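Student: Okay, here's the structure, questions in a sec.
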Amino acid sequence: MTKRLLLVAACALVDADGRVLISQRPEGKALAGLWEFPGGKLEPGERPEETLIRELHEELGIEVKEECLAPLTFASHGYEDFTLLMPLWICRRWKGTPHGREGQAVKWVLPKKLRDYPMPPADEPLIPMLIDMIPAR
Ligand code: C5P
């Protein structure tokens, strides 16, 4: 049987100190407790960038302009019941202070410390990229 495809758009928000925001999946959701780059599922008719801008507002209360999203990579992972395809962006400019609007914990973490936070498998390949891209402090 062909597995269904799940399309998720996600983003590494990077602050002026070179820290990256991660968000903890809440109890009751799949992969609860794991730390992820914020984002979410595409709705019908949405472009991934539109999804990401909507999700960053819904989940974190920030406003992001599309021109501030730089494409970074395209992650994928085969789960038992679906295949996840996840384009990822990096964003250094937004309006507002990101906070967990859906009750989720959020943390700003230096790239070299990201490995201390268990992540879903599709998010993990982003860690070495962020370590390379963001100067160490
Ligand atoms: O957040 P939501 O439950 O809508 O995400 C759907 C699925 O996308 C999750 O079950 C997870 O497998 C995946 N996901 C991920 N990494 C993210 C966001 C979502 O692996 N940063």
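Placement of Cβ uses the backbone N, Cα and C atoms for every residue, glycine included.
Annotations in TrEMBL come from automatic prediction, not curation.
Checked TrEMBL, it gives:
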DOMAIN    3-132  domain 'Nudix hydrolase'
BINDING   Arg25, Glu36, Phe37, Pro38, Gly39  8-oxo-dGTP binding site
BINDING   Gly39, Glu59  Mg(2+) binding site
Student: Tally every other Cβ atom lying within 10 Å of the Cβ atom of Pro38 (8-oxo-dGTP binding site).
Tutor: 24
Student: Glu36 (8-oxo-dGTP binding site) to Glu59 (Mg(2+) binding site): how many Å between their Cα atoms?
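Tutor: Given the Cα positions, Glu36 (8-oxo-dGTP binding site) is 12 Å from Glu59 (Mg(2+) binding site).
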Student: Where does Arg25 (8-oxo-dGTP binding site) sit in DSSP terms: helix, strand, or coil?
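Tutor: DSSP call for Arg25 (8-oxo-dGTP binding site): coil, neither helix nor strand.
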Student: Near the Cβ of Arg25 (8-oxo-dGTP binding site), how many other Cβ atoms are there if near means within 10 Å?
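Tutor: Excluding its own Cβ, the number within 10 Å is 17.
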Student: Identify which of the following binding-site residues, namely Arg25, Glu36, Pro38, Gly39, place a Cβ less than 6 Å away from any atom of ligand 1, and list them by sequence position.
Tutor: Glu36, Gly39
Student: Which secondary structure state does DSSP assign to Pro38 (8-oxo-dGTP binding site), in the simple three-class scheme?
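Tutor: Note: Pro38 (8-oxo-dGTP binding site) is coil by DSSP, not helix or strand.
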